[in-house]
C-alpha cells in the first residue's frame, strides 16, 4: 500500500472537521469561523462560507446530497443547501461539538457540551435532550434507527430516533479516558452493527449495538482525534497526536501510515466510493492522498493465492473454482505458492503452510513451519524445503528453520523469478535480470547457469514443458522465443506484456498485450482474440488471465491452430491440438481428413472424439471385418474396445478363452457398466477363474452373485465372511452349506449351519432325524446330546418368537428330560450289551434307580425296562440291597424277557430267596433338607417322601448331591441377589475353652482343652429349611435379602438360564465337598469326577462343550 499526494493546501486556522459531498465532487472544511468549499479533483477553493461568529467545530453532509450542516463555538447550527446557501439556523445553550445526519431519514443530530438536539426538515422545532457530560462525538447506525453519543466522562450512550437511551456502555478508564471519536461500520455485509471507539486512554475498541465488546482493546500509543471508515467498511482511518494518519483493518490491525504531518491531525475522511483520503491538521494543512493497493499474489499451475483485505490470503483453485481463506490477522507483505506449499510473509515472520493430503483438489492448508524473523525482500519464492528471498541483486536460500543455506549475487537487478519444478530440495529457478541475462539456478547448487543473454531487460519468462524452448517478454513489449540448447532465436512477436507455454502441448504458447490474446502454434501465424489483462498460465484449452485484482480461467477452443496443422497434412499433431479442446464439427473435419489421408488410426480416434456414432461405427465395422478376414481376433478386440463396443470385445475374448484380456477389460471398465462386467464374470466362471469373477462382482457391488459364486465353488470361508458383513445373505450361504454338509453325511455340522441361517424348522428337523437315527442304532449317548441341543434350540426360538414362547418352553423341558433319560440309559445299555462293565456297581445301582423313578409315566423309544430292572437286580444283590433285588426280580417276571437273560434271571430269582429280606442301610439315600432317610424305590419319583424337596443328582455317579434349591423373595432381582451373595459377610465364632487339672505324684499340671469352634448364631438359611411335617404339598425354600447376605459365594451354585427362563439357585450344605457345574448345560458333578471325565473326553460328558470354549 502506497499513499500518493494528489494536492495540498494550507489555511491559517486549525481544520477541526471536514465532510465530502456524497458524490465526492466537493469537500467542506471547518476552518476558523468559516467553511471552505474545495473542488476535490484539483484542490481549488470554490468558495468560503461565512455565517458563524466563532470557531466552527463540526460539519456534516446529508446522505441525499441536498444539504449540509455546521456547528460552531457560537452555540449555533446552520443548515446549508448544496448550492452553498444558508437556509436555517438554530441554537443550543453551549458550543456545538459535533453534528451528524441520519443516513435514512436525514434527521440532524447536533450535540453541545450539555445537551443534544434532533431536527428534521418536516418539524419546525428542535427536540432537545439533556446530557450528563460533554458530548464529544456522535454517529448514526446504517439503518438510521440508533444514534451513538461519545462523552467526555468515558461513557457511550446509544439512543433511539426519539432520543431515548437504550444502551449505556461504561469504559473501564472512565473520566480518565474521554471518548474522542466514534463511527459505525457502514458495511452492509456485517451481521451486526459494529461501533469503532477511539478514546484518549489511547485505545481502539469495537462494540456491538447491544453494548457487548467485540475482541479486546487495541493500544494506540497516541491520543486519537478522528476515526472514520472506508465506504464499504473494509478499512479504518485513525489520526491524532502522532501527527499522521494510520490505516487499520476493520478488526483493528494496523496496516501502515498515510502521510506524515507536521502537527496534530484533527480530522481525516475517505472520499465516497474511492481510495482517496483527505487529512486536516492543527496548523491548517489540508492534504489529499490517493491510496494505491498493490497486488500481492502467487501462482503455480492451477493454484492462485492472493491477498484480500490486506490481512487475509485467499487460495483459489483455477480448475475447480474452490476457494479457501487463511486469516493472518497481520499485514500480508508477500505470498509464494508451489505444489503443496504456501509461504506468507508478515511484518515480523514468515509462515509456511502445507496441504493436508496429496490430493490434487485438496484445499486444506495447515502451518508447517514459522520463521520468526523480519526480512526485507522484493520477491519471495517457496520450494519443497526452502524459501528464496530476492533483494535487489541478491538471492538468498533459507531452510524452513530460517537458516541461510546459500546465496547468489547477480550482475544486475532481478526483474523476474519463477520455480520450474524439480526433485524436492533440488528445484530449479528461472531468473531474469534487468541487463537481459536469463539464468537457471538449482537451490542445492552455488553456481548459476547462464541460459542466454539478450540486449534488453527481462519483464516475463516461461519455459516449455520439455524445457527445450524459452519464451521471454522484454521491456520493449516483444515476445522472443529461443531454443535453449542452440541459443537460436526461433521467432519474435510484438505487443506482448506476458507469456505462457501450454503445459500439455510443447509447441503452443500464448501471450497477451494491447487488449488481445495471441495463440501461436509452432511456426504458424499468430491467432488473435480480444482479452483484457495478463496471461499467467496456459493448461490445455484453459488460459489463466489476471485482470486488475481477479484471476479467471478462460476456455479457448484450439480450432485455429488445429486447422493450421491440418492444412499441412500433419494429422498426428492436429490430433494432439484437438485433444486440448475443439468443437464436435472440428473433430469430424479432422476425422474425415485423416480418413482421406489413409491415417486410419488417427481417423478412428478422431471419430471417437467427434462423438459421431455413425462414422465411428462405419470405420470400426470396416476394420473389424478386415481383422476377422485375416483371422486376427485380437486386433478386432482392440478396435471394439477403442470404439466403446465392450460387449463384442468381451464375447470374442471369452470365446477364445483369453482370461488375461478379459480381466484387463474388466479392470478398465467403470463400475457403472454393469452389463459388460456381468458378461466378464460369466466368462470367468465358465473358464474356471472364480477369483477374477469374484473381483468383478465386487467391483459392481453385486454381492448376491458373489455369494452364489462362493457357494457354487464351495469357497465357504469367503461366503461366511460375506454373510457376517451382510446378514441379509445368511440364508444364501448357510442353507446351501447345510445341504452340502448333509449330502456329505456331516449331519451335526449341517444342523448347526441351518440353525445359524435362522432356518429353525430345518435345524430342528435335522436334529430330530439325527436323534431318531441315534436311538434306532442304540447310540443313546448321541441321542442324549441331540435332545439337549434340541431343547436349547427350542429355548432360542422362545426368546425370539413370542407367539411360540409357551409351546417352545414345554418342548424345552420335555427334551431336557429325554436328554437326561438317554444319557443315563447309555450306561445301562453298555452294561447289558457289552462283556465288560465300565462303571462301578454303586453307579449302575444309582443310575437304574434314577431311571426307574423317571419312567413313571411312559417309556421313550429304545429304553428297555427289562435291561434297567435286570441291572438294578444284579447290582442290588451285589451291594446287599436284597429287598430291592427281590422286588426287581418280581417285576421282571411280569415282562417279556429276552432269551439271553432268561437263565440269569431265573437263577437270580431263586438265589435271592436265600438272602435276608432287608436292604443295607449304607445304600439308603438321605434328604439334605429334612435329613429323612428315603426308600430305595420311591413311589413319588426323585423327590423326598417327607418334604417333597426334589433331589439334585450328580450327572456322572447319580448320587444325591448335598444341594438344596432355594428361591428369591418377591422383589429381589437376579443381579441384586448375586451382589448380596458376593458381599461375603463375616461370621462371628466363639471358642469354648476349658481348663483341665492333672495331678501326678511329683507335679500338678493345668492343660487348656480347646473344643471345636461353634457358630455363635445359627445359620439363617438352616432356619429356612424347616417345614410342616407330613404335608403333601411341596413348600419351597424362599430367602430374603438378609439370608442372601449371610451366604458365602463358594456355597452357592447358580444355573444362569437365558431368558425367558428363571435362574436357579442351590445352596451346598457340605461346603468342604466340592461340586462343579458345567457352564453350558448346568449339570452338576462331584469335582473329582468332572475333572477325570474332562481329561478322558476333553469336553463336558453331557453337552460336549469343549474345555477351551468361552462360557456362555
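Cβ from N, Cα, C; glycine included.
Here is what TrEMBL records for this protein:
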- 2-187: domain 'IFT122 first beta-propeller' (DOMAIN)
- 49-80: repeat 'WD' (REPEAT)
- 189-292: domain 'IFT122 first beta-propeller' (DOMAIN)
- 297-551: domain 'IFT122 second beta-propeller' (DOMAIN)
- 605-867: domain 'Intraflagellar transport protein 122 homolog TPR' (DOMAIN)
- 920-964: domain 'IFT122 zinc ribbon' (DOMAIN)
For the repeat 'WD' (49-80), find every same-chain residue at least 6 residues outside the stretch whose CB is under 8 Å from a CB in it, and list them. 13, 16-23, 28-37, 86-101, 103-104, 106, 108, 110, 112, 117, 119
On average, residues of the domain 'IFT122 first beta-propeller' (189-292) score a pLDDT of 91
In the same chain, who gets a Cβ under 8 Å from the domain 'IFT122 zinc ribbon' (920-964) while lying at least 6 residues past its ends? 823-824, 840, 842-843, 845-847, 849-850, 852-854, 856, 876, 879-881, 883-884, 887, 1025, 1027, 1029-1035, 1037, 1053, 1066-1070, 1073, 1075, 1083-1086, 1089-1090, 1093, 1101-1102
Secondary structure content, the domain 'IFT122 zinc ribbon' (920-964) (per DSSP, counts of residues): 3 helix, 8 strand, 34 coil
For the repeat 'WD' (49-80), DSSP counts of helix, strand and coil? 0 helix, 19 strand, 13 coil
